[in-house]
Ligand SMILES: Nc1ncnc2c1ncn2[C@@H]1O[C@H](COP(=O)(O)OP(=O)(O)OP(=O)(O)O)[C@@H](O)[C@H]1O
């Protein structure tokens, strides 16, 4: 007997067929709503998998589309509830878009969740169903399949694969109430992450608790309660002696755990805390007895990593500074706490032209402790590889700001794991920096506060906090209008009609014309051609340092409000003022018209042969170059791009060798993650856009060290950004 859902499905199936759907999807690609790859994948599923049910194919297309937007899976319930949140690439200013939106709404409105899930679960050729208790489903795949990749010694690496569905390109998982459709590879990444973390959560490290308090006292001072000032002598503007010491609590909890997350906003002491934690772990690893027969101390092998070269360089600098603050100083701790931070790709050992790494379950990293900074930028794929590459007994410590934008790639692992965490300090009067979930994962997370860089009393700290908590636009604008105190970080806002507005030109002139701007140094401090190379290295180092003084950020890539339009606009403005050299001065550079002295560029793809990482910023400079050959020998000038090295020096690269770079007078907020600038300006477009969210505003504001400027045209756009949240479907949220 057919149930009600099945009858409905017959009805909807009758009303159109898979060919109609594929034709619609083709139009959606034309309208920019889907990628060509989404359509190709759906066609493949229809043709190779023999799927004729249009509603199943629609789910497949949307799963692929969501994946392209950083979602690990398609949340079927959310899709039916809010169809307008799908197809985020669809631009509202194109003629086709109302029609595409309407078509999608109609198609989804005709669906019943249970019936849709049942039909997906029965599409055996292409989908492995992993949800128990679905009605009308004749077969549920076994989540622990014999072909699992785990080993007897390390069951955490077991990779579930469904019996009978082993090769299916999609997986239906989640729960009957919240069904999730995955591309198989992403489901597997999540499974590996979950298993890797779970195995660590249930196997604590045995420590000598009797020694723990004494070591914590040595690192944080005697009192277990209030925040300490011992390490730096600084006081947080909002410091209150009654506040619990979150940093100490983090170290205490992390000491016996194999998996731990230290999260917090800018300047809340994540690096300070992790350096103390590493010192604590080494102290606990030292034998207690120091007599002649005492066992030899074998220090823990520690590896430090970050997702980008930029973040790695910043942490390297910060760790080196923090080692001095430890009791005993860098001399005592330098030999057992490394300050050199690697990129995650380097740590895992990239294999050229492959998604795989040299380190994996069968060849794990020789490390006892791995610390990953800026973990909010690590996507599911990389996190799965990292967990695979850890020895079963190795500890993993993640640092990051859970409220920041996540990686552009699929998955927001840190945010998902911290999902039960409150925005800002928790309301628990007892332990405001810990979660009250009681789950093993909840116990392994500490949220640091307050910020030692920004007070909540006003300026940057107050604005970031208001945005994070979804404040209303009037309150945000009030904060901008309040009397500014440079000690709290200046914030200002300006209304502009568009990037041609004189207020925009004025801000650019102020930023790039200032005596301490990089362009000023480039023009006025250049050494004479006949001096030693060291003078040019120093000049370049000063320019690279000065480049961190100001950065324009935008949420968009294309159009006049996006990086492309803004870069052109700024270059034209700076040329008008004679502050930038003309393009193509050096005809030997490849694509000479693109290259000119003063062009700041960001590397957009790791280049191991040049040792340049995604996110590295360099500046194009004109430097003397010898001319070889007989009578004409002498010097000429040549364009070179100067990049900072981890050791504080400068590396020169020929422009022609740089394969993937973009100009960064303006930079997307996404690309600015992991970087900080003294002054950042965020320019908002003149109409709403799905990328405008609280997380984006928060990330942009917290890139500023001393000043933040908001340039906007419509208050309504700012209001919408303040109310929208990044929503990423993932199976890592929820029960642990
Ligand atoms: N308990 C503390 N007492 C006083 N100052 C502190 C304390 N903890 C950290 N600081 C200081 O606050 C500043 C920021 O600390 P730290 O770099 O550790 O924070 P973070 O969270 O890692 O910052 P970022 O936003 O750069 O990631 C540093 O100057 C540090 O010395």
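All positions are counted from 1 along the displayed chain.
Yeah, the Cβs are placed from backbone N, Cα and C, and that goes for glycine too.
Curation does not apply to TrEMBL; its annotations are automatic.
Marked as domain 'RecBCD enzyme subunit RecD N-terminal' by TrEMBL: 30-126.
Annotation source TrEMBL lists region 'Disordered' at 145-170 (among others).
According to TrEMBL, the region 'Disordered' annotation covers 225-245 (among others).
Under 8 Å, Cβ to Cβ, and six or more positions away along its own chain, residue 264 (ATP binding site) finds 246, 270, 401, 447, 448, 449, 451. The ATP binding site annotation in TrEMBL covers 264, 265, 266, 267, 268, 269, 270, 271.
Taken residue by residue, the domain 'UvrD-like helicase C-terminal' (664-710) breaks down under DSSP into 12 helix, 17 strand, 18 coil. What TrEMBL lists as domain 'UvrD-like helicase C-terminal' is 664-710.
Take the mean position of the Cβ atoms of 264, 265, 266, 267, 268, 269, 270, 271, the recorded ATP site; other residues of that chain with a Cβ within 8 Å of it are 401, 448, 451, 452, 453. In this structure, the binding-site residues 265, 266 were compared by how many other Cβ atoms lie within 10 Å of their Cβ, and the smallest count belongs to 266. Neighbour counts of Cβ atoms within 10 Å were compared across the binding-site residues 268, 271; the minimum falls on 271. In sequence order, 247, 448, 452 are the residues near residue 269 (ATP binding site), counting only same-chain partners six or more apart with C-beta under 8 A.
In the domain 'RecBCD enzyme subunit RecD N-terminal' (30-126), helix, strand and coil residues by DSSP number 59 helix, 3 strand, 35 coil. Around the Cβ of residue 267 (ATP binding site), the same chain contributes 451, 452, 453, 454, each under 8 angstroms and 6 or more positions distant in sequence. A simple way to gauge crowding: the CB of residue 270 (ATP binding site) has 25 other CB atoms within 10 angstroms, across all the protein chains here.
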